[in-house]
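Everything below concerns the one structure shown next.
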């Protein structure tokens, strides 16, 4: 019996030669739908007005910041040190009388395309909803602008309809209908975008349909011999890993949004995970991917480990940010679960020594699964987030501090730290630990304990909750990232922080924080994360002011030789710089692919290139480069 594609799927027979868009017939023993932690009605488990679970939140009690939520180690803790840090940094005390926003009483009136709706109801079995709450929670991602707009009911355009396809075939039907009736489609996965990529275009006049992939979350097949697996694109990260762990396997992809983001979203944004040193970034993990476009399904037929067959169309799909089509299925590499998982941490006298350590580790290609370096500001922030300790634990901490300051001679205003995660067989982990600590010693680093390493790693998952609590209390804050060659790493960190300080000074902002960390390392460079926030209680439009300062910081990043983005993607908020980043020729090539795959521009999200430039007519000449093009870095 002939197989439709290749050897990895020969276990699943087909009964006849299927046409375009028809899914491979699957043996039910090889395929199973996954019960997700996130329900179809997202708002039943997740906040409609911000990040994360409904039951997880920072809050104030008797003037002290606390955290509720049993899903995180910080749950049920009072945080007096964090409270003092906020008071000192922002001259702000917790106001427990402030209320969180309430759901709007009315929603924007939907635009209806009667022929589309008639055919959707009459010729498909796709589930759909026009309820206001279903539409609202899928009109945005997780940028500061998104959340602020939600809180202040600023969205004029939200999806007019939400649809939940259950498989590749139903996506094919939906895309054909949308193309036929000129309805805009917004592919929606986990809703965690921090680039504005899934935010509804506010000037779109056509009917907008949010295509929610959450019901497409099956494990389609698993090949243990090849260590490959095929999942539908709507599966959430933690669900994917839970299913694979039950089989003794892992993909190992852990972005900060891992709890809520989807496989399709990882591919669409070219995501990176905290453990990429061992498992790779998403482009290293993807073997094959299917994407439905108005012009047909785009996929590579062969699942061989490497092919030389012209341009790799996987990479047309990777990073396309929902502008070309809908990702439906992804074949991934998997690995056996590591037998040992061990945390560690290191302290360095200053950030520059820490960067030199990171560079040497990368040069010798001996990175553990995760190694991340925090500057002093971020280190002190992390220390402040420790829960209140017992009297004896406080004494022990005081002794440790005396050891660091008196015996090691380290200035607490300069000290920085690195968190470590080792995974593998016991002997491999022991060998890695010994080598990492040996290299650290050369740069005046010393071990700071496994408990600190574990806290630092897990803390990543609650930082987004802090952003929303800050907004609630009158602090606007957000992260932004880049990647940069090693010889410009320290320079870029210093220059960007100095630029932010200067911009704050020019705008009379006196209470703010700006910090950075090196999160991923490569042979030729590293990824750098910045965290910036300021007190906004006396600012008329705090988000506009924040974006103006961040815009200046991005200009500084680019002038120092940094990238437009390492893994967040371009979306709408960085589309201003995209043409310059890929050159006029590159942006024209993207536009040509867009016109071919999506001739009616039904995926009119405005990501990568601004809406007016992304889909020009065939006769139109390309627009000139923006006059505010940032300067090229000098080499």
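Backbone N, Cα and C atoms are what each Cβ position is placed from, and that goes for glycine too.
Database features, via TrEMBL:
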- 529: active site, proton donor/acceptor (ACT_SITE)
- 467: substrate binding site (BINDING)
- 621-635: compositional bias 'Pro residues' (COMPBIAS)
- 155-337: domain 'FAD-binding PCMH-type' (DOMAIN)
- 372: site 'Important for enzyme activity' (SITE)
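In sequence order, 274, 418, 419, 456, 517, 518, 519 are the residues of the chain that are 6 or more apart from residue 372 (site 'Important for enzyme activity') and have a CB within less than 8 Å of its CB.
For residue 529 (active site, proton donor/acceptor), other Cβ atoms within 10 Å of its Cβ number 20. Residue 467 (substrate binding site) and residue 529 (active site, proton donor/acceptor) are 15 Å apart (CA-CA, integer value).
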